[in-house]
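Database features (TrEMBL):
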DOMAIN    7-245  domain 'Sulfotransferase'
ACT_SITE  Lys16  active site, for sulfotransferase activity
BINDING   Lys16, Gly17, Gly18, Thr19, Arg20, Arg99, Ser107, Tyr207, Lys222, Gly223, Arg224, Pro225, His226  3'-phosphoadenylyl sulfate binding site
DISULFID  Cys208-Cys217  disulfide bond
Amino acid sequence: GTSRQIPQTIIIGVRKGGTRALLEMLDIHPNIVVAATEVHFFDWDENYMKGIDWYRSLMPFSYGNQITIEKTPGYFTSPQAPERIHDMNSSIKLLLILRDPTERVISDYTQVYYNRVESHKPVQRFEDIVIKNGALNTKYKAIQRSLYDVHMEKWLKHFSLDQIHIVDGNTLIKDPLPELQKVERFLNLPSRIMSSNFYFNQTKGFYCIRSDGRERCLHESKGRPHPLVNNTVLEQLYSYFREHNAKFYKMVNHSFDWH
């Protein structure tokens with residue numbers, strides 16, 4: 001009685017915002033099934049050309065009462081993804097998880113830094129990438145990805161605000177349950193995720209998941225220590241994002257506790 005369904009909900013981003021944590025925590029819910037990998041269907045042309053049947057073939061099997069969810073953080077910043085997703089299903093529900101834009105930039109850098117170290121490639125200090133000729137390097141991709149207002153504008157051309165639920169990534173890490181209960185309500189699902197599904201792992205410094213008699217934590221690449229960033233550089237980043245954040249708050253009728 002199961003079949004592969006095109007997702008009824010997509011986690012569209014943002015990269016380094018907590019998309020993996022959100023997906024794995026939602027996977028606790030008996031009415032949710034999740035795609036195992038990032039599919040990159042709507043943001044990579046070579047995948048999009050393979051068609052909707054190829055996309056469906058990558059989804060898990062589900063029962064009629066279950067919602068299929070996939071997450072690809074690259075969708076949020078992709079110029080093509082909003083229109084392509086709308087063409088597939090104009091009434092789809094979207095989940096967007098965001099965190100403080102400066103923290104997100106540092107986290108983005110950290111992931112690339114460790115990837116380069118593991119591949120024995122040369123690495124640069126954070127400050128040397130973010131500052132060029134004494135000024136903020138606003139062309140740096142990680143900074144571009146944190147301009148939430150710029151990207152959100154593209155999504156709101158295709159979807160109404162009530163189709164996009166924003167999850168506070170900073171809160172999800174500190175206290176997952178309230179954020180997950182909001183998602184349950186947004187998806188019209190019965191309340192099934194409970195505080196007993198989480199326990200704080202002192203070693204890792206974040207919450208891990210307990211369900212079906214099993215305990216699991218996010219991959220060891222999550223929660224890696226960030227570099228200590230020079231205060232002057234931090235202030236430059238806070239200052240640069242302030243106006244963009246204010247625009248974003250106005251767009252979504254909601255403020256966040258960001259710098």
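Cβ atoms are placed via backbone N, Cα and C, with glycine included.
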- Item | Listed in sequence order, residues with CB under 8 A of Cys208 (disulfide bond) and six or more positions away | Phe198, Tyr199, Phe200, Asn201, Glu215, Arg216, Cys217, Leu218
- Item | Greatest C-beta neighbour count within 10 angstroms, which of the recorded positions Lys16, Arg20, Arg224 | Lys16
- His226 (3'-phosphoadenylyl sulfate binding site) to Lys16 (active site, for sulfotransferase activity) - Cα separation in whole Å: 12
- Query: Taking every protein chain shown into account, which of the recorded positions Gly18, Ser107, Cys217, His226 has the largest tally of Cβ atoms within 10 Å of its Cβ?
  - Reply: Gly18
